[in-house]
């Protein structure tokens, strides 16, 4: 949206803007709320990373939590600057993160173990190069939605085969935050003219960031639980300070 004060970063070069007036609070931050709303995602990913390292989960989960943090930092850079280069630091990690989820979801039943990571790596590298050279806003959004949809059947399969009530509750929280966050994203995107003419901006895209930060955390927690079950690690869901769920495992002495 139109600038509120002079810009440190210069004219907007990104292919998209969101329903928040630019440079209202600082000449260094274009979209203030869309920038700071990524902080919960970083903190939640850090909690998940510490848990994964402390209990020696597989490296895939360490990489997944780090990718969540990289995505949030890239999103902060994009919304703070609204520059095309920083937009890539947001959108490219979004695709890489979804490729990681696809690997974690489908690799346990994949018979040719080296082919999947090789293909996904080449796919991610090819996308990064193409995305740096070609601007395709709608194409990117459609591509990202397709990657998300590819994850849903597998997540549902894990859900119906999971008997643990607490783990199922985490999966429901994943679905709920995805649904509510998507509504916030659509509201901000489709109703911006009405929001701009009104007295109050609910900051729908910033709320999307917050909900998706929790969504990623719940997804990671549920997947860690399912993977621990596959490995025979006797997982259970416990809560940090009685609120935030995480996975606690008990590995056999042989492992």
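Yeah, the Cβs are placed from backbone N, Cα and C, and that goes for glycine too.
Keep in mind that TrEMBL annotations are predicted by a computer and have not been checked by a curator.
Annotation comment: TrEMBL describes 18, 20, 22, 31 as Ca(2+) binding site. Around residue 22 (Ca(2+) binding site), a 10 Å sphere centred on its CB holds 21 further CB atoms from the protein chains shown.
Per TrEMBL, Zn(2+) binding site is recorded for 79, 205, 209.
Here the transmembrane segment (32-50) has long-range neighbours at 18, 20, 24-26, 61-62, 65-66, 68-69, 71-73, 75-76, 79-80, 203, 205-207, 209-210, 212-214, 216-217, 220-221, 240, 244, 246, meaning same-chain residues at least 6 beyond its ends whose C-beta is under 8 angstroms from one of its own. If you look up TrEMBL, you'll see 32-50 (among others) marked as transmembrane segment.
The transmembrane segment annotation in TrEMBL covers 62-82 (among others).
What TrEMBL lists as transmembrane segment is 119-136 (among others).
Residues or ranges marked as transmembrane segment in TrEMBL: 173-191 (among others).
Summarising the annotation, TrEMBL assigns transmembrane segment to 206-226 (among others).
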Beyond a gap of at least 6 residues from its ends, the CB atoms lying under 8 Å from the transmembrane segment (62-82) belong to 9, 12-14, 17-18, 22, 28-31, 34-36, 38-39, 41-42, 44-46, 48-49, 52-53, 89-94, 96-97, 100-101, 104, 209, 213, 216-217, 220
Within 10 angstroms of the C-beta of residue 18 (Ca(2+) binding site), the count of other C-beta atoms across all shown chains comes to 22
Smallest Cα-Cα separation from residue 22 (Ca(2+) binding site) among the binding-site residues 79, 205, 209 is shown by 79
The rounded CA-CA distance in Å from residue 205 (Zn(2+) binding site) to residue 18 (Ca(2+) binding site) is 7
As a whole number of Å, the Cα atom of residue 209 (Zn(2+) binding site) is distant from the Cα atom of residue 31 (Ca(2+) binding site) by 13
